[in-house]
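Colleague: Before anything else, here's the structure in question.
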Amino acid sequence: MYEGKKTKNMFLTRALEKILADKEVKKAHHSQLRKACEVALEEIKAETEKQSPPHGEAKAGSSTLPPVKSKTNFIEADKYFLPFELACQSKCPRIVSTSLDCLQKLIAYGHLTGNAPDSTTPGKKLIDRIIETICGCFQGPQTDEGVQLQIIKALLTAVTSQHIEIHEGTVLQAVRTCYNIYLASKNLINQTTAKATLTQMLNVIFARMENQALQEAKQMEKERHRQHHHLLQSPVSHHEPESPQLRYLPPQTVDHIPQEHEGDLDPQTNDVDKSLQDDTEPENGSDISSAENEQTEADQATAAETLSKNDILYDGENHDCEEKPQDIVQSIVEEMVNIVVGDTGERTTINVSADGNNGTIEDGSDSENIQANGIPGTPISVAYTPSLPDDRLSVSSNDTQESGNSSGPSPGAKFSHILQKDAFLVFRSLCKLSMKPLSDGPPDPKSHELRSKILSLQLLLSILQNAGPIFGTNEMFINAIKQYLCVALSKNGVSSVPEVFELSLSIFLTLLSNFKTHLKMQIEVFFKEIFLYILETSTSSFDHKWMVIQTLTRICADAQSVVDIYVNYDCDLNAANIFERLVNDLSKIAQGRGSQELGMSNVQELSLRKKGLECLVSILKCMVEWSKDQYVNPNSQTTLGQEKPSEQETSEMKHPETINRYGSLNSLESTSSSGIGSYSTQMSGTDNPEQFEVLKQQKEIIEQGIDLFTKKPKRGIQYLQEQGMLGTTPEDIAQFLHQEERLDSTQVGEFLGDNDKFNKEVMYAYVDQHDFSGKDFVSALRMFLEGFRLPGEAQKIDRLMEKFAARYLECNQGQTLFASADTAYVLAYSIIMLTTDLHSPQVKNKMTKEQYIKMNRGINDSKDLPEEYLSAIYNEIAGKKISMKETKELTIPAKSSKQNVASEKQRRLLYNLEMEQMAKTAKALMEAVSHVQAPFTSATHLEHVRPMFKLAWTPFLAAFSVGLQDCDDTEVASLCLEGIRCAIRIACIFSIQLERDAYVQALARFTLLTVSSGITEMKQKNIDTIKTLITVAHTDGNYLGNSWHEILKCISQLELAQLIGTGVKPRYISGTVRGREGSLTGAKDQAPDEFVGLGLVGGNVDWKQIASIQESIGETSSQSVVVAVDRIFTGSTRLDGNAIVDFVRWLCAVSMDELLSTTHPRMFSLQKIVEISYYNMGRIRLQWSRIWEVIGDHFNKVGCNPNEDVAIFAVDSLRQLSMKFLEKGELANFRFQKDFLRPFEHIMKRNRSPTIRDMVVRCIAQMVNSQAANIRSGWKNIFSVFHLAASDQDESIVELAFQTTGHIVTLVFEKHFPATIDSFQDAVKCLSEFACNAAFPDTSMEAIRLIRHCAKYVSDRPQAFKEYTSDDMNVAPEDRVWVRGWFPILFELSCIINRCKLDVRTRGLTVMFEIMKTYGYTYEKHWWQDLFRIVFRIFDNMKLPEQQTEKAEWMTTTCNHALYAICDVFTQYLEVLSDVLLDDIFAQLYWCVQQDNEQLARSGTNCLENVVILNGEKFTLEIWDKTCNCTLDIFKTTIPHALLTWRPISGETAPPTPSPVSENQLDTISQKSVDIHDSIQPRSADNRQQAPLASVSTVNEEISKIKPTAKFPEQKLFAALLIKCVVQLELIQTIDNIVFFPATSRKEDAENLAAAQRDAVDFDVRVDTQDQGMYRFLTSQQLFKLLDCLLESHRFAKAFNSNNEQRTALWKAGFKGKSKPNLLKQETSSLACGLRILFRMYTDESRASAWEEVQQRLLNVCSEALSYFLTLTSESHREAWTNLLLLFLTKVLKISDNRFKAHASFYYPLLCEIMQFDLIPELRAVLRRFFLRIGVVFQISQPPEQELGINKQ
């Protein structure tokens, strides 16, 4: 303690002694000073003695600590100060210096704190007086330089010292003094020191304010831990030990700043700054001590974390605060948010500060700040969004309530406000200083005004750059920025002084970085009125443009800013389209447009262009950066053999090297240089891209409507109504005209003045929406005319004024001035005339006041208006004209012609005028928006980039295209290329196809590779373009889609160029060049092929030119280019599934173009296709199959290329790829091999070249031989190719294909059967095709043998088929053997039968039935149904050959054969087939007998007989019914009715005999008549089977005998009739055979005859048919049915044979040869068969029930037969009946006597008649016996002995 005091005393003593010792002090005028020093010295001495400590405590206090204060100390300090005060007031610099030096040290070491009240001025502290004294030492420029320096030091110490506190006016005074020293001092060192001091002071003032908030935040954190149950209890600040003297200052000292301190800093004007009080009152509210202090606690808490961040960002201070505050603040904010949001509803006491809406404004900004600085990991925005405006209110109310209960307000909180006020005052003063106008004329760099302006701006910049969170968020400062700083900037931002202008720009940049969320409107004004205006106006100077564009470079490099500008302005209905305009302006600058008028040098123009390009590229880079999360780098992953990596993996996999490969494309180097990107701030709810897009669309509609309105108002309004943006009522439209400021005012006037009814309604509504209440007439008129320009026509003005007057009176009904509306109307008109007269330059003689008054005489209902009234109007108009609304042009002023700007000087003058106007506008606008609170959205979504890019892609493209086109500067080119790269990236990421394609096409165009004359002009920039294009392909391949076409086209051309560059002859396809060699070798002046190929040169060549071309494109062959191109193809494995398909698709397209070139087809791309196929084969199969779909299709086309070399290359490549692909094998049920090998099929199908076909077959054969074990689904294609080869006519192709097929069927099937099952059908089909190739019969037979071999596989391995699953899952497992095995084999055999020549088809038929017979036992019932559907196709009439002879042969051979085979199979598998097949067989037989083929017809009946005889025993009743019905049907359809009805057509050829034929002759002829059936060979049991093999039908011979003269239709008819006759007879025979077994009847007849010859009486010659015939299986009804058929047939034959006339006619017409036709055999055999059946039934005991009917039928039939016999005239006819009669008589003789009686009595007379004929002996013998029996039975006579006992039953 003692030591401290001692130090202090030592200082004081020395200083006082030094002052006393000064010789000046000795002078009289310093007596007071001298005395004060002496008194002070004495006191010090006395005090020292009094307080000297006892011995032991000498070291008790640390000498470094300031002493503890007590009341006495204050008084002492006061005493000590007086001598220094007097010393400072002395005029002697030395004394002043000494005094200042001592004060500075005392303050520095804490010995002088000045905390005591000032005894001279109540309400102030001593320290204020001390500072005032120090400041007073500066007396202006004449002050001693040493003193100046001491003042600066003392003030800096005072402001920065830890030990004293100075506030408000005192701080201002200290700052002002330093400022003035800087301006006034002539000494450069002093100036520099003053400036540095100012900077440091400001740093301290603002840093203190921020630190205090941080302390408070820490304090609150402690408090929070201490009291968990409350959100905030009034925190008692426990201050740190190093500042124990902090005290709470009464509120009034804070609130009310005494006026003498408020002067501005500028020395020239020390006026009192009154505005301070007005400003600060509402901002701080009435009671800062309670409510507001606490209200800011939250601000400080929330701001603390940002403080640490910002310090790091700005100047690296406060590193120690970096970590803890973050954690502290995080927890505070989190809890606060949760509780506040929860409690909002309950808190009602809201303390709103004096200006009423302060609460809400402040709240908005604060809560927004909390969100902005939202701590990572806490969902603050979620918690905060619901009630932004209320949150802060509730916090403040909560604080207020609690502070009432607490023991006393916390000093810390109050103190913080004083610090804020200090900062605020300094900031505001600097703003005001910067606004001071400069003197007119060219600015003088040394003038105080300019230096002051520059210094103030520099200091403001420094404050802003180092601003902490309180400054950035506190309402007071934000308002200060809006009201003072922005207005100041709007004045300085157009300064012609470069330094001022530049500083303004820097300040603007800082504002944009750190404060943009609060300054939405201000930023808009800045861009619109200053930046863009300077860029757009042609007169602005290069320097200005340059500085603006430099600034823009900074802005454009920050992604957050760029996106924010778009979201907040372009997507805001009421804001200008700043982003769009910015891009357009930059694009124009980058294109070098408009530089002519600027008078710029070329160098300047180029540097400006580069800057413009740089900005554009920066913007695009930002957009890339912003959307980088959407981009997947193809090179950081591979698509081979794995799925896409997950989101996490992808982000981890973006290795630094891949990211940095393209500078800042994946991640721009740094965006937070300005701190913009460091945190996002949010005000208006959430950032919803869709919502903004909708707004943008609406805005575009409105803008379009406004454009249309400018051209034609009605059209504009109609458009907006159609788009739903404007209502239809006049009121809606009027409101729109009021509110929409962008409308052209002239057009608005025209529209309102129009005489149209609707327009008038709108005009009335428009005027009615004005409220003129309480306004004087002129003000009302001014207000009315502000909205539009009056139209020119008097009538229109008339209407408007009339309505205006009416509305004015309506609003001001209490006025007494105007008698009526008419008065107002006339007066309004006169005012407009007056304004025109007084202010129009065209009017030379201006109207005087008297004239004006005179003009208005008598207008008030014939009275005058008061003269003084009119006089006042005149004066007002003369002073200020009525200005109508001007239309503000946003567009760039039209290019001023050369005359306008004759010289640079004039241009400058014009520009300065423009700048002044601009400054006025900007200032006015700035002031207008200074109180507007506009919500600012901080963009966070990457989706915004899409609409941004869509909006601006054209100006970007224009700038880059023009740059590349017309400028050879490498930097320009590299910027353009980089820009295009970024643009492509964005278009890619968001898949905006049109734009992407446009950029890629532009890039491709500038490679000059695709232009016909391109390569000759190739420069470095074109080479770079090629490299860029390749890079794009490498980095953006996943997104390129159709743009691959351009890229691959260029790469294809590049290869050609490289060949020329290296002088290598391109490898054309030999075939085409061969033809041209002859013509080329002769002419030595002609260019080599490749030059012609590229379209480089015409016929004759300048070889020098070629050399230079080779040189210029040599660069394209550089290793780096070659490798890069190669990398595109090798890297194709990394493209994703869709991208690789696009890539391949366009590679194929380019390859196609190369190959289609008429002059020089090339195979570059084709080779690349093969390469990428190799690379990508490892992809997952799903992707690979999509790739191959495209490549395979390409191979299809290339393999069919007319140029054989191309096709050979394609097929060979296919072979190699296939081999590799097959090595991979294939799992069951996949079909990739099938897809892969399909091109072989296609080529085989379409390419007719034997060479290629042979090659395809060889390739496939090679695959089979080497890869058989791996082939699965590929077998299908292999068989398909062989199938196509099988029908070839070239022996070697067929031979090789068949050999291989045979190898597969015999060996491969054996080993790998399960793998081949899927293509088993194809194999069989293929063999069938070989069998059907008529050119190679041996192969055909061998093929059928192999099919038979296949059947063995099916039989041996049914399980394999059952287990095989495939596409046809709907096939039941048990049916798979059939569907995939048996059916194909049998079907193909049926195809062979249907397609081949006789010997092959016969073999096929044999094998087919052989298979059925061999393996049929394994077949299911429904399989047989399918099978016979195939088999019966053999008989399908539609499929039979057309030619008659072939058809006949077919029927005679194949059908015949098949029919017998079917019956055999049926018999073999009767049990299964009876239900299945019988109906079909009957139907088929029925079909056979209907064909015009005798052989087939016979076979049909024959087969019917076989089937029934062989299987009848097993037939059911139902089947017998079917059998009988079938027989019946055949019978009915084959009765040749036409024989009876046929009539010769008139004009029939005459009979062969020319002479008329007499009856006798006819009769003799009739006796020789020919039986139609004579030609039929008798059927014996043995020859039945051979019948089918009879080569040609006998009927055919008969047909040929038919008269050649007969007409063809008749010939056909007769042939058919003949066949029907044959069938009838066959059928009778069949029935006989079925019922009684074949040959039985014939034997019986023979025996009957023999017996008759012997005249034997032994009637036991009964042939036993019991065992064999089917008689016993037929029911009586069925037998009767058959009988009916037989008898009908018999009757028909009888009718025909009796019809002599008809027979003659037929004979004459050529039917049946030389003699008349008859049907004797049919007549007799049908009856014979009928009789046998009836007699058999008659004697059958089991049919006793039918005997009665049988007897009746017998009697009728027999009597009818006998009667008919008696009518026969012809000998031969009677002879035919011999056997019949024998049969009849024999049978009757054998019946019992009873029955015999009945019969004999019935036939007796007829038999008597018969005896008159000349009968043969046998018949006579039987008749004799018959009559004898009659005698005995009727007991007429006794029987002879040998006959006794016979038939007595």
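Every residue, even glycine, has its Cβ placed from backbone N, Cα and C.
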Colleague: Swiss-Prot lists region 'Disordered' for one of the ranges 46-65, 1546-1565; which is that range?
Modeller: 46-65
Colleague: Can you say which of 316-320, 711-715, 1721-1725 is given as motif 'Nuclear localization signal (NLS)' in Swiss-Prot?
Modeller: 711-715
Colleague: Name the residue range among 515-535, 557-577, 956-976, 977-997 that Swiss-Prot annotates as region 'HUS'.
Modeller: 557-577
Colleague: Could you give me the DSSP helix, strand and coil counts for the motif 'Nuclear localization signal (NLS)' (711-715)?
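Modeller: Taking each residue of the motif 'Nuclear localization signal (NLS)' (711-715) in turn, the totals are 4 helix, 0 strand, 1 coil.
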Colleague: For the domain 'SEC7' (709-840), DSSP counts of helix, strand and coil?
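Modeller: So the domain 'SEC7' (709-840) is made up of 90 helix, 0 strand, 42 coil.
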Colleague: Looking only at the region 'HUS' (557-577), how are its residues distributed among DSSP helix, strand and coil?
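Modeller: Taking the region 'HUS' (557-577) as a whole: 12 helix, 0 strand, 9 coil.
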